[in-house]
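A.B. asks: Okay, these came from TrEMBL:
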| type | residues | note |
| --- | --- | --- |
| DOMAIN | B:124-409 | domain 'Myotubularin phosphatase' |
| BINDING | B:N273, B:I274, B:C336, B:S337, B:D338, B:G339, B:W340, B:D341, B:R342 | substrate binding site |
| ACT_SITE | B:C336 | active site, phosphocysteine intermediate |
Amino acid sequence: MEFAELIKTPRVDNVVLHRPFYPAVEGTLCLTGHHLILSSRQDNTEELWLLHSNIDAIDKRFVGSLGTIIIKCKDFRIIQLDIPGMEECLNIASSIEALSTLDSITLMYPFFYRPMFEVIEDGWHSFLPEQEFELFSSATSEWRLSYVNKEFAVCPSYPPIVTVPKSIDDETLRKVATFRHGGRFPILSYYHKKNGMVIMRSGQPLTGTNGRRCKEDEKLINATLRAGKRGYIIDTRSLNVAQQARAKGGGFEQEAHYPQWRRIHKSIERYHILQESLIKLVEACNDQTHNMDRWLSKLEASNWLTHIKEILTTACLAAQCIDREGASILIHGTEGTDSTLQVTSLAQIILEPRSRTIRGFEALIEREWLQAGHPFQQRCAQSAYCNTKQKWEAPVFLLFLDCVWQILRQFPCSFEFNENFLIMLFEHAYASQFGTFLGNNESERCKLKLQQKTMSLWSWVNQPSELSKFTNPLFEANNLVIWPSVAPQSLPLWEGIFLRWNRSSKYLDEAYEEMVNIIEYNKELQAKVNILRRQLAELETEDGMQESP
Amino acid sequence: MEHIRTTKVEQVKLLDRFSTSNKSLTGTLYLTATHLLFIDSHQKETWILHHHIASVEKLALTTSGCPLVIQCKNFRTVHFIVPRERDCHDIYNSLLQLSKQAKYEDLYAFSYNPKQNDSERLQGWQLIDLAEEYKRMGVPNSHWQLSDANRDYKICETYPRELYVPRIASKPIIVGSSKFRSKGRFPVLSYYHQDKEAAICRCSQPLSGFSARCLEDEHLLQAISKANPVNRYMYVMDTRPKLNAMANRAAGKGYENEDNYSNIRFQFVGIENIHVMRSSLQKLLEVNGTKGLSVNDFYSGLESSGWLRHIKAVMDAAIFLAKAITVENASVLVHCSDGWDRTSQVCSLGSLLLDSYYRTIKGFMVLIEKDWISFGHKFSERCGQLDGDPKEVSPVFTQFLECVWHLTE
């Protein structure tokens, strides 16, 4: 299929571009198969280079023969193009609409992108399950890698390799898969080296209204418990919702069948409620009336920060079970692909310092989001400005990133990466030249041959020149478990994402640069001091030697 | 020391909100003439100045002892558990007396002695020289001069001795205007912007009632606008809500009638009065002090306190002031009712936006010395330093500091 068929007018001159923080600029607008490009008339520099896949919605307006297209992007930016000529304007608008709503994933830009940089590290192979397993398998012999899902036949949304208790064989896993939603049988999410406790995650048990049970499922999760110890099951649905799930064939683990496990319900919202929350929040941020009461009530009505508090509280609870109570836990919601992953990944941020390093965080996203089968393609199909009917879109990953930012803000020296890293991940989850966030699970990614045909985000990010932008200058490695405050007073709005286009960050950026310079200078001086100290010590010993007879 | 019945109590527990182990610390509580001191078992000291105590409360007796909750004016809350009821009662009564002083001489400042000699002490008081500051601003000059009319505080008791007025404003004009302004606080210079040759002036409300006029006051405002060679008009900013200003007319006061004053553009920039601010802070502290709040309750509590709305009102006023000077090159006269609360906020915050000197440490001290201390903001009453009228207490200076903090963010 030719992109040219979709582009009615590839090029228009004398288009005026309006975008946040820059004065209006006139130039030539070009439409390619994947991008909207505006080159300035003055000096031919590219003022705008926008991926069609980043476009959430467009509005058209006409005043006389001057058409205006308002482009609302998934990263919350709003751009305006003034196009002379009604026909050109209509053509551009319908071309953009067609190009930004392509059905087939293989038509998307990552399949056409050729990197301009030298690829040193292939991000597709940076965080393989075997490597991750190595990291803790020396501390324990109770776990093994299973290849039962090699062909994705047992669980279509799981990766081909999963970590399970050593005493459980593949046949048992196959049986358990029939008892869990989507075939998502309980697998290892995290091993806490300090005390050997683990986080497992899964889909809901399919108990149904008959109270069906599965001995293999019970055997599997009981295998993670030490003798005489109890575990916790954290269900991210309220008790009511969990009970109602039985009518549709789902349900929860009954005490009678799982006597060694205590069940806790911590309700976390999902699906369209989250999407609506995002829409309301972004709308509040764009409100130009600048009225304080209205801002506070709109912020409250969006409920965004309530979701943040819910998720963080549950993650803290999970971490407490592991670290304070010394008990293993199993986490699931309904499908085990959304709130479950928010909780398991945030709990690891709290518990494990490695997750707060750049590579550790990338590995965390690989394991707990990408390989774990969070349906990125569905969830990130549309963002805050979409006006078409939504089905599966929800800002689950953005909520996770926001929670990470909240912890980062409370513990500014405990993270190797900075806020910009999180913002970058948010952007690429919704629209990217890289294939990392394409598809909904490993099975789809294999079928699409992403590893062969597209570039991994990590290949680009992990170049030293790029990493320097994302490194936190205040980072001091520590071994602590960090406990964030979840009081409403401690959870402010993430301005870096939500107000990014509403107020200039120029002075804050300058202050940040200044801080980076001060820290660099301090390091240089410290190095000098060390050299001088050594020299002094050497001179002193020389003197000492000369003086002795 | 006569108020203190018990100087020392042992085995007192201090409940620590932030302790990760949620345990309380046990130690000894001491009462001195000026402070409350708690030393815990790890030798950590907690000092509380008696004058910082806003309220003391004895809670119901529990099995572990008698709880004593102290709320401080700096928003700190301290929760002690005193083992014996009698001791608790004694401390409670002592603190009640010690936290309310009747005379200035009883305040801590008069007994604080850091072993300075007289010349060192004098140097400290001379650190900030307002005459130097006015010189730095560029006055006196061809348009502005130093007036000696208030040298003995005869014209206005609450104004400083050194006042800068337009060169063409004669003494009779000044005297006449002072009689037409509440508390004698006639229009004077607060800040002179050298580049724009525009000025920020401040005063109090005119005693205009419904129809009274004062030629001298009108001449003084004319002189101020003439002292600006660039712009023919000047702004008069009344920092009260319109309704309040109008209500004042019935009491013989009010605001400037544009018809009577040539070349002025009158502007209301509604900032609420000290009573509204006092209760706003009260509500805010209640919201903040409540444990286990949901996000929704927190935000609706925040909204209904109105605190941030008031902060924004002050900031908006300062921005209007700064824009009038830099964009329109117009001089501005700022007043509220008495010209020592909202006027101080707006003039000082506006100057801070305009002049980077005030954003240095020394400059900020100078700004506070000039627009707050010398121009008669009633610190003693607003901060409840003495046991006076609780209705005069209001967080006006605190709001100013919060506005400055927002700028640093």
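All residue numbers here begin at 1 and follow the chain in the order shown.
Glycine is no exception: its Cβ is also placed from the backbone N, Cα and C atoms.
Any TrEMBL annotation is an automated prediction that lacks curation.
The model shown is predicted, which means the values in this text are computed figures rather than measured ones.
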A.B. asks: For the recorded substrate site formed by B:N273, B:I274, B:C336, B:S337, B:D338, B:G339, B:W340, B:D341, B:R342, name the remaining residues of the chain with Cβ within 8 Å of the site's Cβ center, in chain order.
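C.D. replies: Once B:N273, B:I274, B:C336, B:S337, B:D338, B:G339, B:W340, B:D341, B:R342 are set aside, the remaining close residues are B:S204, B:T239, B:R240, B:T343.
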A.B. asks: Using all protein chains in view, find how many other C-beta atoms are within 10 Å of the C-beta of B:C336 (substrate binding site).
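C.D. replies: Summing over all protein chains shown, B:C336 (substrate binding site) has 27 other Cβ atoms within 10 Å.
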A.B. asks: Rank the binding-site residues B:N273, B:D338, B:W340, B:R342 by how many other Cβ atoms lie within 10 Å of each Cβ and give me the one with the fewest.
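C.D. replies: Least crowded of the binding-site residues B:N273, B:D338, B:W340, B:R342, by Cβ count within 10 Å, is B:N273.
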A.B. asks: If I take every residue in the domain 'Myotubularin phosphatase' (B:124-409) and average their pLDDT values, what number comes out?
C.D. replies: 95
A.B. asks: Using DSSP reduced to three states, classify B:C336 (substrate binding site) as helix, strand or coil.
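C.D. replies: DSSP call for B:C336 (substrate binding site): coil, neither helix nor strand.
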A.B. asks: Helix, strand or coil: which one is B:N273 (substrate binding site) in, per DSSP?
C.D. replies: coil
A.B. asks: Across the listed substrate-binding residues, B:N273, B:I274, B:C336, B:S337, B:D338, B:G339, B:W340, B:D341, B:R342, what is the farthest Cα to Cα distance, given in whole Å?
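C.D. replies: 12 Å is the greatest Cα spacing among the residues binding substrate.
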